[in-house]
Amino acid sequence: MVKFSKQFEGQLIPEWKHAFVDYRQLKKDLKKLYLLKTDTNPAAGTAPSTLLSSIKKLSFLVTNAEIMDLFMFIRNLLPLLAREILNQFFKTKEAEFMERGDSLKKQLEILIDLKTAIQCRQQTGDIAADSKEDGSISYTISCEDKTEQEQSQENNINDELEKTELAFSDSPRSEEMGNPTRTKILDRKWRSFSGRVISFQGKNIKMNIPLTNPSRTFSAISHLFKEDLANSKKCNDGTKLHINKTRLHHAEKMIKGAFVELYKGLGFLKTYRQLNLLAFIKILKKFDKVTGKQVLPIYLKVVESSYFNSSDKAIKLADEVEELFIKNFAEDDKRKAMKYLKPKQRKESHGITFFVGLFTGCFIALLAGYVIMAHIMGTYKRHPFSLYMETVYPILSMFSLMFLHFFLYGCNIFAWRKTRINYSFIFELSATKELKYRDVFLICTTSMTAVIGVMFVHLTLLSKGYSYTQVQVIPGLLLLMFLLLLVCPFDVYYRSSRYCFLCVIRNIAFSPLYKVVMMDFFMADQLCSQVPLLRNLEYMACYYITGSYKTQNYNYCMNGKHYRDLAYAVSFLPYYWRAMQCARRWFDEGQTSHLVNLGKYVSAMLAAGAKVAYEKDKAKGVGWLCLVVVMSSGATVYQLYWDFVKDWGLLQVNSKNPWLRNDLMLKRKTIYYFSMGLNFMLRLAWLQTVLHSTFGHVDSRVTGLFLAALEVIRRGLWNFFRLENEHLNNAGKFRAVNPVPLPFDEVDEVE
């Protein structure tokens, strides 16, 4: 049977952890009280020897007067927690969700009215029901950008924001707790380019569709030019805005997502109520057992009558939200609605664990055979001319780096789950489709078994006397197989995850046209550590597409001017993408820190450019060598500062944990110090460009693979602490649900 303390820790909302009853600390206090009480009890001789030794140690430190103080402390702590901290947090969150619920009801009413208007036009014959063109309705656009009334409302919001920040002033995490007005101000800024003010049924409505993709971005820019032109020519007469079905569909999707998040938040509030009440009952029972007093009936009434347990506003709102969602978004189908409101998590199968072990054994056996055969044939020894290293090894290197990175991601998921870091919420992953760490390990083991198996067969054929011309197509077919599997439209081999991966890569490639979310810039950071993989992929694409594998003329893809320029461009691409994402985030959010972060990637591009120039002309490159050292050193210092201070949130001078931060998810501080030192050492891998170090008679490409693998390992280490810091930021703001933007602004009556 699972102990309640573990059950309590496993079920509480991670982002609200500091607002829950500290059940573990209360148990420690009761245990101390039990030991002290036993020390003063003559019957304590029947206690176990370990308990007696603990009592003897405590008896020298605590007096009988302190026993009464501890007794009174615990006795007074329970009602204090129930009335003050829990009630205050519950009231704040309840008010926030109630306000959100009222806003969503208004949003839904506007949406229904607009959809009804379009349907009426279709029924009257203005628009054909089966017309391919979207039906649209026209409204008058107001000319004024901001009235005095709106300006006064914004000032009132700022005043309210300052007042709200005073709440929870005794809590160390009180800066943005229960503060919905801050989100309104931020959303108003970044959505201003997509909003248009319309007059409909005596109301002023501003429709905001976020610029999340290129089509919306270009559409918003074109509308801005059109509106500026219309306002400059004929402002008094007004202009017309067409709201078609597509825009209404986007608005409906936003409102639907907001209802789902609101329902999730109300469910969290219900869990908050139940777990805290159960924790009080458990701790009161233990208190009665330790002290021999019967205080459970007395204090249980106090707890049950507290606001956090007696208020039913959240329960009623949850029922209302469920009813509205079923009616408007699920076609009165409750089962369909529950798939969105209460998605069931996919159960983990023991069969996955079995196949992970099976393919791990196959991989180890095939790898051992491949290494032995490669050693016998002298494949990886340094040769002036090695066709295998030039044409086949890049594919093996590419797959090795990719699945090493993926394996480390599986380790990250395992560590995040053990430390209760809510990575699913941070990445906005679906509960029914997200990859578990066992799934990641299964993908890694099956894929690397296939890769090493094909490489083993290829090397075996070469040892049998087959020429490269006869067998060189095998690695290309392996690469083609993985590419086809990645884009396979059938529901096999984690299709939803493959589709999500392709969407993220698309968002990165078209930066800054897509709105940047956590998953996008997290994946772009991973690509910054996979530059060797991208260069190998680009080289192998040239090798097979140009048909060089038939003639074994690999120099065509190595010495061609256009290829070399493209290879250098590939080296810059990840840093360029990441820099464009920083620029987009600055445009959306207006925070200067994003521009400073952009400078980090610009410095990395300058350092990479200096390396490229040095590699082109090493004989006369003394000046270039000095430039490489200077630029790389500056970029490394920049990156280390950002790693430790911004991404990991460490090196806080006034922290209670020296040179770390106040809140740590790992109990051992030495892990943080060791990780900082390891990250510093692995950031210096660029020194190999200057030192040209090798391992004996091993080919330089193997050395390059080893250094690239170290960078991937550094990135895997970075991933854990990056999400730990993000999780603590969410916990500091008690942010457990996503703030979905709403399509329509506040509604005011037209005078």
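Cβ atoms here come from the backbone N, Cα and C positions, even for glycine.
Automatic prediction, not curation, is the source of TrEMBL annotations.
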Per TrEMBL record, range annotated transmembrane segment [choices 352-372, 562-582]: 352-372
Whether the transmembrane segment (392-416) meets the transmembrane segment (671-691): three or more C-beta pairs under 8 angstroms: no
For the domain 'SPX' (2-301), mean pLDDT (0 to 100): 66
